[in-house]
Every structure is written in C-alpha cells, then in structure tokens.
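To keep things clear, I will list the structure first and then write my remarks on it.
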Amino acid sequence: MVTTGFFNIVCFSNEKKMTCRLIFLVLFLSSLVINVLGNLEQVNDVELEKLIANEKFVITLFRDESCQGCDELETQLSSLREDLVDSLNAWVVKAVSSSLISNFTTGKDSVKPLVVYFRHSVPLLYDGPLNDDVMLDTFVQNKELAVNHLNDDSFEHLTQAASGATTGDWFVMFYRDDCESCMKFQAKWEYIASQLKGRINLAKVNIKDDGISTGSRFGVDQVPAFLFFRQGKIFTYDLPNHESKAFQDFALGWYKNVASKNVPSPKTPFDELVDRAVFTLKENPWILPAAGVTLLLILIAVGLNTWKSSKVVKPTKSKKSVKKSN
C-alpha cells in the first residue's frame, strides 16, 4: 500500500508496483500544485509600497505567520484571485507581519487578518462578510474612490446642507492630517462609503487645511467628528462604537434617535478670512508675541530716529555774514 496525503493506493502484485509509484508521483505533484496555487504571493513592505504606488489595483492580505482565521481568509482570497485578475487586472498578494498594517488599525484590529483594497493608492479596508460573492462584488464595484473630498469652496455648493435641497443626505467626517486616529480611520470610511453608495453621500473635510472655515461653521474642534446632514438638520454621531455596521445603521435610520439642530448659514468671505486668521493664531501662538515684539522694535526705532532728528543743531548766521549781507 502506498500512502499519500489524500489517498491510500493498494498494490496487489509486483507487476502493479510501477503503476502505483507513477500514480503516487502524479498525486503528490498535484497536491503540491494545489498548495502553491492556494497560497498568495508574499511581498515585503518595500515591494508592497512599490505595487501600491505603481499599480491601479492592489488587494493585500495583512496577516501574521499564524493567527486565527488567517489561513482561511488566504484560501478565500486565493480562490478569488483569478476573477480579480480578470475583472480588475489587480494584484492579489499577502504581507506577513507587515509594519504597514498600523496605517489602518488601532487596538484589537491589529491582531486579526485584514484585507485592504488599494485603488490608485487610496486604501479601502474590507470590513464585510467573508463571502466570495460579496467580496468580489465589493472590489469590482468600487474601482473609483467612494468618499468625496469637500473644502470651504465646495462644501455648501455640493451638499446644499443649509437649504436641504436636491443632492441628498451627507455623512461627513471632519479630520486633521496630523491626527493619527483620523488617518487610520479613512480606509474604513471608504468601505462605509462603498456600502452606502447610491443612498447616502459620504465625504471628508480637513479642518487643518482647506476646510478651516467649514469646521468653524459647525463648531468642530475635536476630531475625528462625524456629522450627518439631512433636510437642513445636523445629527452628530458621537457613539463609542466605530464599527462599520454602526455607521451604516446610523445613516440609514438610527440618526432619528439623536437630537438634531439646524444647519447654520454659510459664512461670508470676510468671515472665512477671519476664521483663517484666528485659526492661524491658535495653531501658532508664538505669532502674536513675535508680532508684538516686532511692533515694539519698530516703535523704538521710530522714536530713536525722531529723538536724533530733534538734537540736530540748526546753523545760525554770524555777525560777519549779517554785515556782508547789508
């Protein structure tokens, strides 16, 4: 009897031993091929960063050498790889014990396998069911970015938040690019947007860059902040649950359990200028003392110049010059 990993082959006579050996060799090689095809290509962090920068679509499994659910998820992605290549011409790879996983996770999420879908370098953290059809549909249907970037110039024009007009409901994440938790959450915000696409508009506003006045308009001083705009009303998402499903449920109806307030009117250009000036002073508290010192130095310089001018002795006419003139 010859034993393989999958079958027991019984050889009844010496004449059949050669046949048995050939069968064993074929099955053994087949099992090797199956195992190789069932594993994703592994890349290191440098290789992964190059792929993300140069390829349109990269689907990456972040996993440890051994962890609960890692092998199962890798097998699932392996089974989808051919479809993903055909549909998206995507790279489907794995990164083992990668430091890059910290760009998308905090706390407990960092100990489980994650699938991140990079589209034109922008990540979408897949946070849905581990179902082949659902995963494939999510990747194929979200080749473009799902989250709108809004700023002081475009916010009211696109959302029509104050008028509650025709552009629909908007769920907006306010963030700063120096806020670590904000930046890590953006990949999940992209996934939430992909699940609400066609029903709710999702957007983000950088209140440290081109959304300073918009952040001031809505009183946002702590980030990340999540405001839901519907029919001229604001509903604030301040729940401790930051799971994707919780945000989706909020936008699809749970917001009714939250007290609302009216959307304030858009700010005038002068108000926006004042907001930026105030923001700049708050972010750079050294400016005011420095400006005060500069002004003081200018005043001292002007004072000294005036004092010196007052000390200059004007020439007087001598008696001789008076006689000559006579």
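Each residue, glycine too, has its Cβ placed from N, Cα and C.
Remember, predicted model here, so these are calculated numbers, not experimental data.
Feature annotation from TrEMBL assigns transmembrane segment to 22-40, 286-307. For 148-234, the entry in TrEMBL reads domain 'Thioredoxin'.
Per DSSP, the secondary structure of the domain 'Thioredoxin' (148-234) breaks down as 28 helix, 23 strand, 36 coil. Taken together, the residues in the domain 'Thioredoxin' (148-234) have a mean pLDDT of 95 on the 0 to 100 scale.
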